[in-house]
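J.: Dropping a structure here in structure tokens format, bear with me for questions.
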Amino acid sequence: MRPLEAHINLANLRHNFQYLKSKHGNKTLAVIKANAYGHGSVQCAHALADLADGFAVACIEEALTLREAGVTLPIVLLEGVFENDEYALIEQHDLWPVVQNEAQLQGLLACNIQKPLTVWLKMDSGMHRAGFFPQDYADAFHRLQAAPQVAKIVKMTHFARADEPSVGMTEMQIAAFDAGCEGCEGEASMSNSAGILDFPAAHRDWGRAGLALYGLSPMPEADANLKPVMTFKTKVFGVRELAAGEVIGYGSIFKTEKPTRIGLIAVGYADGYPRLASNDSPVSIDGKPSRIIGRVSMDMTMVELNDAAQGIGSDVELWGENVSANAVAAVAGTISYEILCNVKRARFVYQD
Ligand SMILES: *Cc1c(COP(=O)(O)O)cnc(C)c1O
């Protein structure tokens, strides 16, 4: 059996949720869109069922997967509705759609449902991706408030740069949100992980914790209170010894400077390990730091074995307890969000 495994530590997930909820105060959604950032949405939802105040996913398909698995807490659909025939299922399964533009608002006002819904009305407070402009927000709010299809409105917005605390953008977005909400009574939600961790002024009725829930800080510096949930690991299944001056792998991008023992490991970009994290990316071999050498290929990759005790069967952690997914993402020129979501073809092992 190929030894590539993603170990998912559900106790760490629960710990991180409790930490984030205590930081934010009030209610907190666990954001488990994109299969819980690659961790398994059903398993994560069950592990958080007695702690979370609700869940957030991207779309109705993700929500129905959770409902079919017996998840009963509220579920927010962060992208809202794509086709108006989704409202029947939204009503049946008590889902909470975001309404982020005029087309979605009109679809809701035209839909035929018996039980009024909770909707999350999104404001574009500066990110300019989705949401009503601040000057149009109160009008949208009052139209929804008057609609028979609507029971409750939660006001929301999303931050563009809360992971860059010194740039001033988040303060600007908070001010724009508060100004645009004037005259609109009710609960509000602003903070993603970075807002929860770094912007107390953005703590409102509902936090929305994503990345940090999985133990990774979105901020430039790590947060010692967060514990990694996924450990992505494999084993050495081949060893060769090369003299100085030999090249290895596709493109010969690595050349040995000294006699070198090389371990072949079972992971590649087809598993979601980023190809751009080739030469020099950090790994941990039997608990000791080492690195990838040569180019990551589709199914296999090479590592440097620094220790005579390391060989076939040695454990190689790609990220997790010893190697931060943020460090791997940095070498690959991306963010840990992306590399976590990309994990595939591995065996998932859930631990309490
Ligand atoms: C994904 C998402 C979140 C979670 O963001 P993190 O940075 O992962 O905490 C929160 N709110 C919305 C609207 C999102 O799309």
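For all residues, glycine too, the Cβ spot is worked out from N, Cα and C.
Note that the structure is a prediction, hence the values are computed from the model and not measured.
Residues or ranges marked as active site, proton acceptor in TrEMBL: LYS33, TYR250. Annotated substrate binding site per TrEMBL: ARG129, MET298, in sequence order. Here TrEMBL flags 229-351 as domain 'Alanine racemase C-terminal'. For LYS33, the entry in TrEMBL reads N6-(pyridoxal phosphate)lysine.
Mind mapping these onto the model and telling me what they sit next to?
T.: According to DSSP, LYS33 (active site, proton acceptor) sits within a helical segment.
Counting Cβ atoms from all protein chains shown, TYR250 (active site, proton acceptor) has 12 others lying within 10 Å of its own Cβ.
Sequence-distant neighbours of ARG129 (substrate binding site) (same chain, 6+ apart, CB under 8 A from its CB) are HIS158, ALA160.
Sequence-distant neighbours of LYS33 (active site, proton acceptor): residues of the same chain at least 6 apart with a C-beta under 8 Å from its C-beta are SER41, ALA56, VAL57, ALA58, GLU62, LEU78, GLY210.
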J.: Using C-alpha atoms only, work out the spacing between TYR250 (active site, proton acceptor) and MET298 (substrate binding site) and round it to an integer in Å.
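T.: A Cα-Cα distance of 11 Å.
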